[in-house]
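J.: As annotated in TrEMBL:
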| type | residues | note |
| --- | --- | --- |
| REPEAT | 19-60 | repeat 'WD' |
| REPEAT | 61-94 | repeat 'WD' |
| REPEAT | 130-164 | repeat 'WD' |
Amino acid sequence: DDYKIKVWNYKMHRCLFTLLGHLDYIRTVQFHNEYPWIVSASDDQTIRIWNWQSRTCISVLTGHNHYVMCASFHPKEDLVVSASLDQTVRVWDIGALRKKTVSPADDILRLTQMNTDLFGGVDAVVKYVLEGHDRGVNWAAFHPSLPLIVSGADDRQVKLWRMN
C-alpha cells in the first residue's frame with residue numbers, strides 16, 4: 001500500500017534500499033539480466049526503468065490508459081513487453097536508453113526530462129501495440145529464444161504473438 005519498490009538481501013533478511021516514484025500500486029518488478037536495471041509496472045498506468053546502482057528512475061514509459069499489470073525485459077534484445085487492463089500488450093524499444101551514459105551530476109536534469117533526452121529523442125518508444133484480447137491483459141512475456149510473446153487476459157484466453 002506504499003507504492004514503493006524495496007530491494008532486499010534475502011540472505012540477511014534486510015532491505016538494502018527503496019525506490020520511490022510510482023503513484024499507485026506496483027504490480028510487477030524484474031531485474032535485467034545484464035544491466036543494473038529494474039523494470040516495474042504500476043496501476044499509475046506507467047512502466048518505470050530504474051538503475052539500481054544509482055537508485056534512480058532512468059525512464060518512464062507512458063502510453064497505456066489503464067493499470068499496467070506486468071512488464072518484463074527481453075532476454076537478449078533491448079525490448080520491454082507490458083500488459084495492461086486497457087486490453088493491449090505493448091512492446092517497447094529501449095535501445096536508446098542502453099546507449100546513453102548519464103553521469104550522477106545529470107540526475108537532477110534527468111528528473112525533469114525522464115524519457116526525453118537533450119536532443120528531443122526518446123529513450124523508449126512503442127514498437128508494437130498488440131490488440132486482440134477482449135478484456136484486460138494480466139500477463140505477457142517474451143519467449144526465451146524465439147520471436148514470440150505469450151499473453152493471458154481476463155477474456156480467459158492465452159494468446160501467442162509472432163514478433164515478425
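Note that the numbers count up from 1, one per residue, in the order the chain is shown.
Every residue, even glycine, has its Cβ placed from backbone N, Cα and C.
All TrEMBL annotations are machine predictions without curation.
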J.: Suppose you look only at the repeat 'WD' (19-60); what would the mean pLDDT be?
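T.: Summarising the repeat 'WD' (19-60) by its mean pLDDT gives 97.
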J.: For a three-state summary based on DSSP, what are the helix, strand and coil counts in the repeat 'WD' (130-164)?
T.: 0 helix, 19 strand, 16 coil
